[in-house]
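Below is one structure, written out as structure tokens; comments come after it.
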Amino acid sequence: MSAPHWLSQGTLVLASNNKGKITEFEKLFAELKLPVDVIPQGQLNIPDAIEDGLSFIENAIIKARHASKISGKPAIADDSGICVSVLDGAPGIYSARYAGNHGNDAANNEKLLNDLKPFRQNGQVIEGMFVCVLALVEHAEDPLPQIFQGFWHGEILEAARGEHGFGYDPLFWLPELGISSAEMSKEEKNKISHRGQAMQRFRESLMTRK
């Protein structure tokens, strides 16, 4: 099969202004060695899109279309968050603004811990799942956005651990490894995280098109 059309466009806009996400994506895209420049939307003065979808997929598509429309270039967007089963999936798509203000990691973590207090009885394990959805559009009105998803299962700690990462990483416990997500290096995290898994599916899609 022929290479995707967007690979010939020279530029792929990364529809995010989140520094933590951008750092992770820069490493992940560097490994792919794509024949395009991957440029964060902030470098093109593209503001954040209004995320008014009801799912990770909807919001990822909204952000990708927004960046593509303003830039005139293909765009890829990430919508991600943490879902906790005992909270009926919350924080979910509202993960970044769970406590009210967008991107306040400390406040979001504190609210999640407080919301989980009623469920912590007799050492009960609180299960959680990180979700990442990538949406790639070749142009703003692309009728067939490409979707890549990743899921990372773990547990929610009672107190933060670790100094790395961002968002809810300090609260996300990996029992099989005996560490939190925030205690992992970027390289370790990218190999198994929800974002790393979504990028792996993106990578596989490129391999099948060669």
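Heads up, the Cβ atoms here are built off N, Cα and C, so glycines get one too.
Record check, TrEMBL: substrate site residues include S16, N17, N18, K19, G20, K21, F166, G167, Y168, D169, K189, H194, R195, and the candidate from S80, S85 also listed there is S80. Comparing local CB density within 10 A for the binding-site residues G20, G167, the maximum falls on G167.
Rounded to a whole number, the distance between the Cα atoms of D79 (active site, proton acceptor) and H194 (substrate binding site) is 11 Å. Distance from the CA of S16 (substrate binding site) to the CA of D79 (active site, proton acceptor) is 9 Å.
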